[in-house]
Amino acid sequence: MWNLARAALKVRNARRFSMAMPGPCIVHKRGTDILHDPWFNKDTAFPLTERDRLGLRGLLPPRILSFEHQYDRFMESYHSLEHNTRSEPANVVALAKWRILNRLHDRNETLYYRVLIDNIKDFAPIIYTPTVGLVCQNYGGLFRRPRGMYFSAKDKGEMTSMIYNWPSPKVDMIVLTDGSRILGLGDLGVQGIGIPIGKLDMYVAAAGINPQRILPVMLDVGTNNQRLLDDRLYLGLRQPRLEGEEYLSIVDEFMEAAFARWPKAVVQFEDFQMKWAFETLHRYRRKFCMFNDDVQGTAGVALAGLLGTVRAQGRPLKDFVHQKIVVVGAGSAGIGVLHMAKQAILRMRRDHKNMAINNQFWLLDKDGLVTKERRNLDSSAAPFARGSGPGEIEGLSEGASLVEVVKKVKPDVLLGLSGVGGIFNKQVLEAMRDSDSPRPAIFAMSNPTMNAECTADDAFKYAGDKIVFASGSPFADVDLGNGKVGHVNQANNMYLFPGIGLGALLSGARLITDGMLQAAAECLASYITDEDIRKGIIFPSISRIRHITTEVGAAVVRAAVAEELAEGHCDVGPRELMDMSKEETIDYVARNMWYPIYSPLVHEK
Ligand SMILES: NC(=O)C1=CN([C@@H]2O[C@H](COP(=O)(O)OP(=O)(O)OC[C@H]3O[C@@H](n4cnc5c(N)ncnc54)[C@H](O)[C@@H]3O)[C@@H](O)[C@H]2O)C=CC1
Ligand SMILES: CC(=O)C(=O)O
Ligand SMILES: [Mg+2]
């Protein structure tokens, strides 16, 4: 099986090689400096000519290995690690896998990204959710060498010059966090840097962003996590988080500094606690090319899943306006989803003016059902708070419990973005059996795995075989007996953020608009065939992530062009973008994706 897969891979790679032979790469270093630079290092694959030219003779064992040989060697060591740790606890194995990949990342980026791209289904759960959560939690102990940049509250006034400490002259993608809400794990302070690193690895793997042009950034404004403040291994500022204007002045300074050096970069905000997620989005989205992945990326993915659910019910898409949706979690992600779903409904209603207007969303937070009766009702939740009177379900009052809401509403979709593991318990899932939908959908979107609102097994066991199931972190498909399989979808913003970032970059747009985000979501929603949808498959396999991202990226470019925002990228001007057909735009995006191949190295002093 493995050999067959390798043979297929070689054919594919041979085709790629013939399509795009790499041009030479200028290197200003020699000898061990090259071996210690993961961007240039080829380890044992340096050909004799380069060993001579670059002062490497004698610094490497004499045998020269091919890239394929190195690749196989790495995969063999990875598989033997898997074999040797099979009786160890899951967390130990996950961290061991992360370490072996991280060591390769530190040593040889070309080989690292190639194994990542080719094995994305197996490696995404290590470099991304769920293992990245464990890595962040243990960052103090795992730290060996820095990756990315750290701007702390102590750097106020220095950021414009500090940004020039970054060695790459060009940066295309920046992922920024303040570590205040890392997955569902809460405030992890400086340890949250693992998230921008993981997201940017996905950018390289999925969107083909050149790894020389990515920048993971941690804004360390302190932490309110007492356990970290007391931890002697903690590497961040030992102070409570800055608040109010003090906090915003740090983010402002970073944004000004980053765009002063790289005016064409795209900045992705990631894992900010809700108040700052919304505030910064509002503050910067009309000024800089930025988006918030948790609010906007997640919303697009969820909308694609909700539309897929309508199709899975065998109904036309316009029936989305009648779906009853219960959202559990009124945070940055849950509220983002509701806004995007509402926009989609408003658009559909405009097309079908005679459709009845009813409020089809029920929102719950830690205090239960959110209604207009709520004391200190949060302004972001207010548009979705239930009222009283016509259209309301009798007996559902302020603070009603999840099980009460599910029993009374009988929703088509139960969507969790609460960060609370297991709150879709047996009672709640059993209540979903009585949903009014022929294919009730259960989306347990919180990360990492232990924070998922339910497991895939429990969902199918208690809610029945007919359900459509999706989770934020991966679960294995469920064996339903009699040869039937309960398909597990991964509803994760990884299906969209790489395409949003890449599309924004290649369009040269200075802003990321709702229209561009909507185009990304619609592109993902239409990716799946009716045949897959009938099987309960509403998101494509992650092994297709490069293809998906190409299509999403092209949809974003075209939306930017349609809004007259596209200023072009490198030598492709706005006029050329405007003249491109859909297929030509897809081709343009694909041609601009970096692919890991050893380039011939030429030394220059
Ligand atoms: N699958 C995906 O692509 C994504 C998943 N997420 C996940 O969503 C979760 C939440 O993220 P944010 O909205 O940014 O967090 P947040 O902290 O802003 O919001 C959490 C919300 O959950 C509510 N909540 C807490 N306990 C609850 C309970 N017992 N019952 C009902 N509601 C409860 C809180 O009141 C709050 O409204 C995290 O676990 C995160 O990993 C976030 C973004 C993308
Ligand atoms: C996937 C993601 O962005 C999150 O869980 O925060
Ligand atoms: Mg996130």
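Quick reminder: no glycine exception, Cβ is built from N, Cα and C everywhere.
The active site, proton donor feature in TrEMBL is assigned to Tyr128. According to TrEMBL, the active site, proton acceptor annotation covers Lys199. Marked as (S)-malate binding site by TrEMBL: Arg181, Asn447, Asn492. Marked as divalent metal cation binding site by TrEMBL: Glu270, Asp271, Asp294. Look at TrEMBL and you will find 105-285 tagged as domain 'Malic enzyme N-terminal'. Sequence annotations record features per position, and here TrEMBL assigns domain 'Malic enzyme NAD-binding' to 295-561.
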Exercise. Can you tell me how far the Cα of the residue listed as 'active site, proton acceptor' sits from the Cα of the residue listed as 'active site, proton donor', in Å?
Worked result: 7
Problem set entry | Candidates near ligand 3 among the recorded positions Lys199, Glu270, Asp271, Asn492, judged by a Cβ under 6 angstroms | Glu270, Asp271
For this session: Enumerate in sequence order the recorded positions Tyr128, Arg181, Lys199, Glu270, Asp271 whose Cβ-atom distance to ligand 1 is under 6 angstroms.
Result: Arg181
For this session: Whole number in angstrom, please: the longest C-alpha to C-alpha distance across Arg181, Asn447, Asn492 for (S)-malate.
Result: 16
Exercise. Could you state the CA-to-CA distance between Asp294 (divalent metal cation binding site) and the residue listed as 'active site, proton donor' to the nearest Å?
Worked result: 15
Exercise. Within the set Lys199, Asp271, Asp294, which recorded positions show a CB-to-ligand 2 distance under 6 A?
Worked result: Asp271, Asp294
For this session: Within the same chain, and leaving aside Glu270, Asp271, Asp294, name every residue whose CB is within 8 angstroms of the centroid of the CB atoms belonging to the recorded divalent metal cation site, in sequence order.
Result: Thr177, Arg181, Ile182, Ile195, Phe269, Phe272, Ala277, Asn292, Asp293, Ser332
Seminar exercise, completed: Of the recorded positions Tyr128, Glu270, Asp271, the one whose Cα sits nearest to the Cα of Asn492 ((S)-malate binding site) is Tyr128
Exercise. Distance between Asn447 ((S)-malate binding site) and Glu270 (divalent metal cation binding site) at the Cα atoms, whole Å?
Worked result: 14
For this session: Going by Cα-Cα distance, pick out whichever of the recorded positions Tyr128, Glu270, Asp271 is nearest to Arg181 ((S)-malate binding site).
Result: Asp271
For this session: Work out how many Å separate Glu270 (divalent metal cation binding site) and the residue listed as 'active site, proton donor' at their Cα atoms, rounded off.
Result: 13
Problem set entry | Listed recorded positions (Arg181, Lys199), ranked by Cβ neighbours within 10 Å, top entry | Lys199
Problem set entry | Neighbourhood of Tyr128 (active site, proton donor) by C-beta distance under 8 A, where only residues 6 or more apart in the same chain count | Gly198, Lys199, Asp201, Met202, Met494
For this session: Could you say whether, by DSSP, Asp294 (divalent metal cation binding site) belongs to a helix, a strand or a coil region?
Result: helix
For this session: Note down the number of other Cβ atoms within 10 Å of the Cβ of Asn492 ((S)-malate binding site), including every protein chain shown.
Result: 24
